[in-house]
Every structure is written in C-alpha cells, then in structure tokens.
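Note sheet for the following structure.
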Amino acid sequence: MTQTPETSAISTPTLPAQYTPADVESRRYEAWVSDGVFTADVASDKPPFTIVIPPPNVTGSLHMGHAFEHTLMDALVRRRRMQGYEALWLPGMDHAGIATQNLVERQLGTEGKSRHDLGREAFVERVWQWKAESGGAILGQMRRLGDSVDWSRERFTMDEGLSRAVQTMFKKLFDDGLIYRANRIINWCPRCLTALSDIEVVHSDDEGELVSIRYSDEIVVATTRAETMLGDTAVAVHPDDERYKHLIGTEVELPLTGRRIPVVADEHVDPAFGTGAVKVTPAHDPNDFEIGQRHDLPSITMMDERGVITVPGPFEGLDRFEARPAVVAALREQGRIVAEKRPYVHAVGHCSRCRTTVEPRLSLQWFVNTGPLAKAAGDAVRDGRVRIDPEDMSKRYFAWVDNMHDWCISRQLWWGHRIPVWYGPDGEVRCVGPDEEPPGEGWEQDTDVLDTWFSSGLWPFSTLGWPERTPDLARFYPTSVLVTGYDILFFWVARMMMFGLYAMDGKQPFDVIALHGMVRDEHGKKMSKSFGNVVDPLDWMDRFGADATRFTLARGANPGQDVPVSEEWCQGSRNFCNKLWNATRFALMNGAHVDGPLPTELSTTDRWILSRLEHVIDEADELFERFEFAKICDVLYHFAWDDVCDWYVELSKPVLAAGGPAAEATRRVLGHVLDQLLRLLHPVIPFVTDELWIALHGTGTVARAAWPQLDKALVDDAAEAEIEALQRVVTEIRRFRSDQGLRPAQRVAARLDGLGVVAPHEWLIRSLARLDDAGAEFAASATLSVAGGVRVGLDTRGAIDVAAERARLEKDRAAAEKEAAQCRAKLGNEAFVGKAPEHVVTKIKERLATAEADLARIGAALEALSA
RNA sequence: GGGCGCGUAGCUCAGCGGUAGAGCACUCGCCUUACAAGCGAGAAGUCGCAGGUUCGAAACCUGCCGCGCCCA
C-alpha cells in the first residue's frame, strides 16, 4: 500500500476491492503514536488548543457514551492539529472512590475477607494492585477508537501530582474559610457506609405506603416511614392552622415509647398535606432537621450506619425495612392506625452507585461553602468569558449554580484522598498543606477521604501540573473546549468552574463548554441493561470498523440533542468508508496523482468539482466552529458520494479513456479533490482516510497534513451552472429510459438540439446517458423536451410505451400547473406585491415564467404524443 | 409541584418567516470493467391540534393534547 502510484493510466490496482478495517486500524494507530503525532510540544510557537478528557472511571470500559464523546473531541483536536495549532488532548482517569472500593471489596469477599481484615494500608495497597492488573481497560479501547490523545501526559486523579493538587486546594479553601466541618443531615448509603453528595443520589418514584397514625385524640400524622416515629421529638403544625392553634405548646405522648414530645408551630408545615400535622424526626429527615434547629429540639438517632434500629425495645436490631411493618403492626394493635394507603407512589432517593435506598443521616461531615464559588461560576458564563454551546443550555446551568447547596465532600471510604486535617489531643484542628510535616505524637489524621468529584474538579489544571507553575500550565491553560454531556453540566462542569476560577485567580478552566446529548437506541430509548438495548461500541468496531462507528455517532450529533444509533446506520457508515476506498481505488487505477500544482488548463468538469470543493471547505469550517458534527458529516457525505463519486468520477471516465492533455489534467484534479476530501474527513474517520491518503501520496500521514484552505479563486459559478444543466439533461434522459423500461446497458441512438451552454459537453451527456450518435437511418421515435430548451430525440428502435410517456408528462404538467397557480396567486395579491421585499417578488416572477415555459413545452410534447 | 425540551415521509432526524429536506426502509430496472458494502429511476408528508400575528407560518405568539428529561 505504500508503493508510489504510477502515473501511467495502465497502472495495476493497488488496493483490494473492499475496505477491511482490521487490516488497517491498529497498524495506523501504532504509526501515529510512534511518530509522535499526538504529542504536544510545549516549546512550539504554534497557538495552543487544549482539551482535557472527561476522565473515565478507572473501573469502567468503553461504552457508547464514551465512544460518542471521544469521537467529537477527537474530531475537534485532529482538525486543530491539521490547522497548525499545538493541539493537546490530555487523557486520564479518575479513581472512582466508591465504585473502585466496592469492586475490590467484592473481590476480597470471594476470598472470605473484608477490608477490615486487611486494615486500611493493606487494603489501599490492594486497590493499587488491582488497578495495575486490571484497571483502566478503557485506555486500550480508546486506542481502538483512534483517540489522538497525548499518552505521554496521561494522568490519574490518585497519582502523586494530582494528590498534591487536591491537598493544596483543600488547604487553600480551608484557610479561606470555604471548607468547614459540621453536624448536618447528609445522604447516607447504608450499604456503602458513606456519605453521598446530593448529586450522587438518584430519585425515582417508588411504591411505598402512607400510614396515618393517631398520636393523640386530636393529632393524626401521615408518614411513609412509620419506623422513624421512634426518633420523633416533636409534632409540628402551621401556626395559622385553626385546627391546631390551641394545641401549640402542649405535649403529646409518643406511642410505643412513652416519651412526651411538644407540639410546635412552624411556617414550613403545609396545612394542606394530610391532616396538617407532621411528625418531626430531626435526625432522619432534612426538613425535620431544619424544624428541629428552629425550635431547639433534640435529635434522636434511632438507627445505626447500616440502617438497623438502635432504640432499646422490641424493634432493636431490626433492619429499617423490617422495622417498618413491625412498627405499623404494633400501632395497629393499639388502634392507632387510622388510614393506610398502599401502594403509595412517592420519590425515593437511591445511592447512584449501588441503588440502595439512601438514609438521611445526622452526622459530622466536611463541607465546601459553595456560595462565593458558585457565584463566580455563574458570573463567568453571564459575562461571556465562558460560552455554553448550545446557548439554551445556559438556563440549566444557571438554575443549578444559582441555587447550589453546600457540598458534602467527606466520604467514609479508604480509597481516595485522605482529608489533610489532624486532630490534636486537646481538640485542636490543623489542616496540613502539601509541604508541611504532619503534627507529631498524639495527633490523629481525619479518617475520611474526599469525594472523587473534588479531585475531578481540579482536572483542567491539576493535569497540567498545578499547583506548580509548569510550562504546560502556562501554555495550555485555560483549555479551549470542554466536551461533555448535558447530564453532568451541574455535576462536574460546575465543580470545575468553581475550582478553576478560584485556584487560577479568576481564569476560567475552559473557553467553551460544548454539550452533547445521550446516546440512545434507534427508537430514541435510553440504553439500559434491563431493557436489553445496550450496544457495545467494541462490537461495532469489530464488525464495521472504528471509522464506521465514529461516523455513525458523529453523524447523529446535533448540538445538545440526544443521538439515536442503530446497527443499520453503522452499516451505512461502513458502506461510506468503502465508497471512499473504492473511489480512491478507481483514482489510483487511473493514474490520479498529487504531484505538482493544479494545471491551468481545466475542463468545465474539473472547474466544477474544484468549485464545489471550495463550498464544502467553507461549509465544513463554519460548521466545525459551531460543533455541528451531524451537518459536517452530511455535507462531506454528499460531496463525496454525490458530487465526487456519482458525477465527477463518472464524467472523468470518458475523459480518461480519451487520453491527452485533458486526461492528464483530470488525473491531477481527481488526485487533488480526493486529497482534500480525505483531509476534510480525517477528523471524523481517521483510519481509512489516512490509509487512502498515504496510498495517494506514497508517504507521510494525513494526520500531519494541512487542513484545506479556502481558495475563493477556484469558485466558478459558470462551471457550476453548466454542470448543473448537464445533470438536468442526463437525469431527464435517464428518467425517460427508466420509464420506458430500457435496460441500462442498451445504447440508444439520439439527436440533441438546443443544448446551449452544455453543447460542448454533448459527448459527456452521451456517455452518461448511454446514447449513440444518430446514424443515417436515425428516426426519432420519441422527443424529450428538457427545461432550458434542450430537445432530445431518441430512436428507441420500436414502438415506445406511449402510456408511460403520457403518464410521465401528465405528472410533470400537474407539478408545473401547481407551481404556476401558486405564483399567480401571490402576484395577484396586491398586499404581497406591495409589502414583500423586492427580491422575493422577483423570484416569484421568475418561478412563474419557468413554470409557464414548462407548461408550454409539456403541452406540446403531449400533443405530439397523441398526434 | 417547579423548570427545560420535543411532536415534520414507515423509522430516526435536519429545516426555525419566502418552492417541505436527508439517511435508512420501500417500489421498479440493472452484475454498465472503482465499489451489489454497488448503479440508475421512482413513490412517499393537510409539518400534533386550535386560535392569533403577518402580504406570507412547519417556523413567531397563546392555549390545548401527547411524549421525554431534570429538579423538589
């Protein structure tokens, strides 16, 4: 494949008849890497272009969502690289605290051990061992997809440098008073045994029960969590609720416990919900906690960290879900259950990692005060320093950052960045920076680790060397574009914005946030294991190739919209790659080349395709700037398939066969057009384009080739008009042939008149429409009249199918009549003529003229038919 | 309950004030020496419904209906 194509027209084919991705992909990828194509040079004088990869989870493997996101990023980076930017796409992974710890604990479980058997240090060592052996499978899969990432700069959130960044950030926030420790109600996972942040909780509408319990003669409360009554410390009513006004300040006896609890008045009680009286369990409900704070109520923690009841008595030792029916049964026995609604559908929070029902739990945790950080994060978008694309998505962003709660960052895990705070023997608290010695004897370090998102929030600058002032950081920060899904706009993006602006003295972490949608199946359904509609990108890559997989994903990528994919579309993408392969194959077989400048003497066909190419370059550039990947693919697909393959190549065949200088010129133009087309497509389908580009050039790689430059001098309106006219004539003849049932191979004698501008191309028309010259015995059995005054007389050597011909003409006439009627109606409307812009009126007049000419032409043809 | 988005050809989606488009699927005819993973031709839509704005609405406004997502 690397041999230089011969310039002779009789060169032998250099490519097999079908494109086989497996023969190309790994070979090409290895070549790119070993040639250092992806390695960014910090010392070059090119303008920088930086993207950091949204770090995939170290436990994960490549799913369609990754493949999609990576395809878009790769396309952006590859194009910028070709445009002469110093392009850096920085890869890496995050340590996924809960997921990874769960995974290794499960592994230990199969050996009959728990992490506690190993102890903290040995367990963490074991996790590292796991990572070394089987973590990061996704990195190899990214190579298969063709990701042009700079592997020399790969980072991991738990590596030394990033850990240093985490500690530095924590200390900085701590010293600025933006990190604090407090007893709060947090989301607790009784299975993972750790706190979760709000965003790690997923809500779903679940079937539960709503039980109304009589607390006294006058007070009935409704609850979905009857067991928590064991921890009630008050009943609350609205201060204006006439039903209960007289009870405020009194006490009731809490059933089953014998405890007496007060009735308090609180504005936040909704008098319309249930009976208007609510039970208050400050240690197990965030709203109740607030009520407890306002009324100085005690908090009774009535279950342990595993969700097991700890209140002494008959329920002690029961799991929360066993305790619920037990408590209800006990209350019923006392006649205290006045109503039960079952099933009762209500929103329930689940741990995003293990789906266990989250337990609101009162505990001592570390928090980030997000107030000032979130304000800055919002302002950076409001004042235009950071652009969200598509812009509509800004609304979602503001909705989140402008209402952000403080962020619980401590996790009761062992795998992660340990909180750098030490507690002294006399209750002292000291935050230790990265270059400070931990305090000595008698001090103990906090046992918790930080939320994984804390380290991910530093990603755009920690990966470049922060907190050191590295050359990379100076050169590649702020990053150019963040490509990510709208679903984590508030998860991750908002965190990076807060941290980036704060740590980098107000410099935003990225200039543009390009949001994409979710990958869905061909019916727009979310891919899920339980639904059985998950498609594995690795499977597609095996069967259709990485390029086909990428093209399918990019072709569906409308900004911010979800992307449906299906195997059929991937097949279509594979077909497209094969089409390119064969077009290049044809070109090489016919001596197309890329040597020397374009000839000055060019045929109309050559000038036409070059002109079309310029429009395509222009459009592609404009669409790339707007992240319109679907439209980029569409434009290039149609140019490649319709213009280049279906028309230019077909028009070239007779030229090449005729030989001479025109053939020479066409060989050069064909080589040029393919060269440019392959460059334009390379960002999206890197493998096949590189293989073909090398076949065309004999050397190098398209990955280092220059991005096509717009050359307005090549735009040629006259050539375009001529070829379009030619296409109309050819298509009209083909249509006639098809309607008449003439076989494609059957040549038909014809005489062409009134060709006008296309007269010089009559021989091309004859070639494409398979027409023979009119001989001495020529007698037209049918005459076609094509728009533009072209008349085609055809000798079909026999009776023509009059009915078919009439039907065709009637159809054309109906269309022309409709068109004419519409135009006349408009022009007859004084308001239209008076108010519509001049150019619109002119256009309608032209359309009417065309339609009337068509009617006359078709009418005459019909008349001739019946004669 | 609050917010956001979407209803256009059989399917999936573009179009977002001036002649309704694409891919796939479909119909007909073809192994025409680059490609049957292909070639040529074709059929297919009162643009969810109802009002309004406008010379002109698939597009802008209002309401309704039906889906989806996020937040509480």
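In case you wondered, yes, glycine gets a Cβ from its N, Cα and C as well.
Because TrEMBL annotations are produced automatically, they should be read as predictions rather than curated entries.
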Key: Feature motif ''KMSKS' region' in TrEMBL, mapped to one of the ranges A:286-290, A:316-320, A:526-530, A:696-700   = A:526-530
A:56-66, A:353-363, A:441-451, A:463-473 - the one TrEMBL records as motif ''HIGH' region' = A:56-66
Interface check, the domain 'Aminoacyl-tRNA synthetase class Ia' (A:28-431) with the domain 'Valyl-tRNA synthetase tRNA-binding arm' (A:801-865), three or more C-beta pairs under 8 A = no
Note = Checked against DSSP, the composition of the domain 'Aminoacyl-tRNA synthetase class Ia' (A:442-564) is 51 helix, 23 strand, 49 coil
